[in-house]
Amino acid sequence: MSPEDPQETQPLLRPPEARTPRGRRVFLASFAAALGPLSFGFALGYSSPAIPSLRRTAPPALRLGDNAASWFGAVVTLGAAAGGILGGWLLDRAGRKLSLLLCTVPFVTGFAVITAARDVWMLLGGRLLTGLACGVASLVAPVYISEIAYPAVRGLLGSCVQLMVVTGILLAYVAGWVLEWRWLAVLGCVPPTLMLLLMCYMPETPRFLLTQHQYQEAMAALRFLWGSEEGWEEPPVGAEHQGFQLALLRRPGIYKPLIIGISLMVFQQLSGVNAIMFYANSIFEEAKFKDSSLASVTVGIIQVLFTAVAALIMDRAGRRLLLALSGVIMVFSMSAFGTYFKLTQSLPSNSSHVGLVPIAAEPVDVQVGLAWLAVGSMCLFIAGFAVGWGPIPWLLMSEIFPLHVKGVATGICVLTNWFMAFLVTKEFSSVMEMLRPYGAFWLTAAFCALSVLFTLTVVPETKGRTLEQVTAHFEGR
């Protein structure tokens, strides 16, 4: 065994085959960390009720025009892309716990700036700050949870990251019914504040502590999280933290998971989910549902329910099966949604949203049928996304990278995800103008089909494996 080999010197924390940890505090620690994803879910969902509220106001009150509204929805993803870079840097230097604590600062500050906004630039600045926090939380929370969880529950706890994201989105939708945009921003300060309080009492991950040569602290963390360190294999004495070097990209244990991680994030965003969630109210308004806010809340409830189902079956069904099933469902649902717009393309429209067609011009029986096609395909897409392509890319990102490159590698993946989210969100309307709405949704269906092929041919199964066994798989050991 060579002490210079980072693969051989990283800590091995895994229980023996005959014993499974039963500590319950790991669930409390995971909940505390998952309040970060809850916060960034709220930040994502905030734009949906806030934009209509800000566009309804009359001068001299603060009001958003069309271009400013587009940036208000999209700028959070730019901040999140920068947050992905910052989070990758913090992850290996400040540690997992401190990184989560630090990300509460831009969350609270950003929502406070929005609350006090007197002009559009303050609104955009506040959104940029919350986006920065979103990027850090979306990277650090999955890593923290995957490193404190034992294999038997890692899929369940890791899926709770996405569950908290969609819960945050739903919370923003529901609160948007009764709260004006300023008070809605005040509510956005609550989850990160609660995370700050809870995380102060949670331990650093044992794996990170071992890279810092803090053996006693690592064992204390194990006892706190799992109830006892008894039965666990003693990690190698020479375990130490190794920095990222470009030469490491020649190793299959590095470049293979990096390609997979980046591809997962690209396919997740090309499914069109963020465009749909950012413009949920507008899309349902164009479909002529009487209460578009109610339709958006319905979508949020479906997303929460099916993400919860995915979390419960993740460690039984496995990652690959759920990804493939999710992709197939999204192909059919987006194809159907595109068909809805194709059937209505020749009708006159008074819409201001890229020529989307009101179904009210049709006879009543046709109108009802088309309305059900629209809402049915949208809900089917959300359900399909929630059981696979919603939670699993984040879960796999936290599982497939070796400890010594996790900060840089996950940072690259998160940067990719949020940059793609910005492009899709900002340019979705332009694509709909260029290809027509039906063409835009059929294009997303094609990307979903490619994601199924990618899953079946490239993505490995990590169910039931320790993080070290996953690394060994990529190394061919």
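Each residue's number is its place along the chain shown, starting with 1.
In case you wondered, yes, glycine gets a Cβ from its N, Cα and C as well.
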I'd like to know whether Val153 shares a side of the membrane with Lys342 - going by the topological domains in Swiss-Prot. no
With DSSP as the reference, give the number of residues of the topological domain 'Cytoplasmic' (92-96) in helix, strand and coil. 3 helix, 0 strand, 2 coil
Please identify which of Gln162, Gln268, Gln269 has the densest Cβ environment, defined as other Cβ atoms within 10 Å, among these binding-site residues. Gln162
Which residues, sitting 6 or more apart from Trp394 (D-glucose binding site) on the same chain, put a CB under 8 Å from its CB? Ser138, Pro142, Gly158, Val161, Gln162
For the transmembrane segment (157-177), which partner among 26-46, 97-117, 294-314, 321-341, 439-459 gives the most CB pairs under 8 Å? 26-46
Helix, strand or coil by DSSP: which one applies to Gln268 (D-glucose binding site)? helix
Among 97-117, 294-314, 321-341, which stretch has the most Cβ pairs under 8 Å to the transmembrane segment (128-148)? 97-117
Of 26-46, 97-117, 294-314, 405-425, whichever stretch has the most CB pairs under 8 A to the transmembrane segment (71-91): 405-425
Taking DSSP helix as H, G and I and strand as E and B, the topological domain 'Extracellular' (426-438) has 13 helix, 0 strand, 0 coil
